[in-house]
């Protein structure tokens, strides 16, 4: 084998090993965040509110689009495009009820129209709050900023989306349904819903969080969400056609639970993609493998830093939430903070309030360093000690030196004294 081939194989093996190491860190981190943020419960809440707000929201959107006479011309094409590509099953039944409900909103008086607008705004606000909760953004948007965002979504959003759908539908019915190479062009156009889904998820992850999101992270999350969305469509269609449970139980009313279930799946996909984007930016990017200098109290300082921040927040009435603490906890990475918090909770040194915030569950004037040190598992004591900095911890360094000296004096004895030797063997 050539030296170049050997070198390439070594580089490939190194990259594969680094990838596996990253996945071992990333996947558990994402799963814990997924469970902590109660994504499935949040998706159910959003699905219920979406079901209630869907008709008011679409009524507002269509009223904006109806300002342009062009939309009326292509309304049927847009209708076909939407229900053929984004509603996987029972589309005809849903379409019939959908446009009937939309038509009923035209007779709503002015006060009722304002109420519909408020319901639509509440849905957008809930989506904004849920996505920002994943990033643990607790600072609310400024009133003017929030109003501008929501109003833009309700006005410019429909215009942009509507124009795109009109163009897509026009191309579908005038260019791709006749002429040569029909099969090839139809196959190319079949990817258009994927592009639309990708753009929708990308904008959701890039613009909605009131937090800096890296472009590549948003793109990666959009790819994942689009792929999950397509899988959900296939699975949902298979389920409805194979196991007609809802239709058997509810009959003509089955459209309601079916629509709710489909909206629920969409929100599970969207929030899962948001968790993925968040975790890409929050998880530890690399595992430091270099050998560190021996330290008797290694890892203890990170634990003290976590408890200190919780105690300070408790004193000033600004309780600490996990993710906020994980990202601002003096440089300690999120996975390590999670482990520390779990140990402190298990030993009843801290507890979680009803609002999901942390508070000390012990008297720091009575609990000693030895009490704390004795409960820490090995994985905590081999941490990075990223929190050690500044003059505040000088006394801890002095304590560590004293403990190391005492330990060295006690252990400064040959191994032969403690290794059992058989009789007759030379000592």
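Cβ from N, Cα, C; glycine included.
Looking at the stretches 8-28, 29-49, 218-238, the one that Swiss-Prot records under the feature transmembrane segment is 218-238. When Swiss-Prot is compared with the stretches 147-167, 273-293, the one noted as transmembrane segment is 147-167.
Under 8 Å from some Cβ of the transmembrane segment (218-238) lie the Cβ atoms of residues 88-89, 194, 197-199, 201-202, 205-206, 261-262, 265-266, 268-270, 272-274, 276-277, 280, all in the same chain and six or more residues away from its ends.
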